[in-house]
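See below for the structure under consideration.
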Amino acid sequence: MSDKRTAEESLQDTTKKVHIEQPSNDSKPVHDHDHFAKGVTPIKKEFLVSTDKQVVYADEESSLDRLNGSEKPQAKKSKKKRGQNKDRDLKQTKEAVKLCPSLVDPETPKECRFGADACRFTHNIEEYLNSKPQDVQGVCPVFAAIGYCPNGLKCRWLSSHYKSGKLIKDEILCDKVSKVDYEVNHISQNAKTDLSRKKFQFDTADKMILFLDSKVQVHDKTKQELQKENANNYVEPPFKVSEKKKLNVKNAKIVSPLTTVGNLPYRRLMKTLGADITYSEMALSLPLIQGTNSEWALPKAHSSEYPGFGVQIATSKHWTGAKAAEAIAKLTPQVSEINLNCGCPIDLLYRQGQGSALMEQPPKLLRVLKGMNYCSGEIPVTFKLRIGTRDNHPLAENLVKRVCEEGDIGCVTLHGRTRQQRYTKEADWSYISKVGQVVRDYNHNQLDDKEQSDRDPIYFVGNGDCFTHEDWHKAVSDPNIDSVMVARGALIKPWIFEEINSEQYIDKSATERLALLEQYSKFALQHWGSDDYGVNTARRFMCEFMSFTHRYVPVGIMERLPPKLNQRPPTWKGRNELETLLGSPDYRDWIKITEMFLGPTTEGFSFTPKHRSNSYKS
């Protein structure tokens, strides 16, 4: 794809591509199968595409082929690989000529610590500018939002804020925005270096780890004596559960922790759409205490997220959980809770004893929670789990009862499926309510206990298949459930909390939905940067986001309500060309949509969608 094509030209090609002729009255039946069948989204007949038979395409599929029902050769079926990220090319190539960071802003150049001759980046500004791809037309979204562009000469919209050899800066806008629009939970490079070199002081965790070690059953007499000594050195935690930050969970609008797609720009978008509580992507505790850059990027949050921002971690050992909790408490104070993941079904984590594997080892889980609670300072600890690991073998009820009595936690979140189910079948809300009753009974007993009456109640949150305002209100009407955590429903339909607040379906127009994608692109550029690498990263995650949003079927074209999360639609067309485009399952159409806001793709951008062997490379 040429990098000189404008977004307008791409949109013109796209609209031509998805143009549909109205089916004639003598057209053949829309589909051989019943569109009211179980698992099929019921769509009004006038919006179904007339085809002789339902076509299942192999790997490649364009909007035009999808809509006119043309046949394509079928690929041979291969054995399905477990997991969705097998053989995905997620790396983005970098610039051929790189500008030294000391010269990004020529007005205030910094001293290069290597010197111009020894530096591996170029110090020739003219050479760098000549090597850049053609600037994207229009005003830099980052400059328009905050009054200056931190990427300086590397910006893809450089011509909009670089005049007469000088970078432009709007001082008034900068001062205004800096007070309300900023990111929090940055940690210094020195702190990460101390972690990686094992020089970080884990004063609290080191004491607690010795005590927890004493609780591990051993048979060696020498170790048993050491355990007794360690147990005698135990002291009360600096903060009791009742003294920690207050959780505000009752009837809160909660966005679930979401790997890959639950990034900062997405969470920031959800805050503008009514979310009360957001969570980071799951961070692994061991890389955190090793000071890994990529892992410490996950607890970063936008200022609008706090209070109400939680960091989710995964661990299999009490010592890594305790140290990770202390590091988070010390280095990222603008965190409302630390959530332990006990429900992730991924095979890699399960084999390592993390995620849902902790459910099978209650003593270890309790040690992890105690260690985290002791070391997290004033930040409360919560945990999220599933019904169990295997079908027909529920573990959550007894486990939650034990954790409430011994774990010192502030909130329990239960996903109504087992690990074996992953995301198939419907969530079991009757079992969720049953476990909620366990938490409710515990809270009631605490009120009767004078010694425990000062502590806050343990909140209980349900999770699974919440896709409409009816689902949410039905769940919270249950006295055993304090709130609902929304995951895929908030990805496919980001305005779900607007529907919950208004208690009605909102038939968003295609223009309104496109505006949400535009807003996401602006947040993405502010977070990842407006240089070539930042734009490619923003484009890749925007495509990941659209891999969910395209699954939304407008309520205005549905035959009946409510829609179901696990329903799949037959081939359909929208009420206009843009609506059809937004519903396209073709990842090449997603890339065209990104070009409306991020400019044409440049050499080096690649994207491999889930469940496809082919990838896009410009």
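Just so it is clear, glycine is given a Cβ too, placed from its N, Cα and C backbone atoms.
Curation plays no part in TrEMBL annotations; they are all automatic predictions.
Residues or ranges marked as compositional bias 'Basic and acidic residues' by TrEMBL: 1-20, 28-42. According to TrEMBL, the feature domain 'C3H1-type' maps to 94-126, 139-164. Sequence annotations record features per position, and here TrEMBL assigns region 'Disordered' to 1-42, 59-92. Annotation comment: TrEMBL describes 94-126, 139-164 as zinc finger.
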Is the domain 'C3H1-type' (139-164) packed against any residues at least 6 beyond its ends, judged by a Cβ distance under 8 Å, and which are they?
99, 103-106, 125, 128-129, 132-133, 170-174, 176-178, 181, 521-522, 525-526, 529-532, 534-535, 597, 599
Take the domain 'C3H1-type' (139-164) and average the pLDDT across it for me.
90
Could you count the residues of the zinc finger (94-126) that DSSP puts in helix, in strand and in coil?
5 helix, 2 strand, 26 coil
In the zinc finger (139-164), how many residues does DSSP assign to helix, to strand and to coil?
12 helix, 3 strand, 11 coil
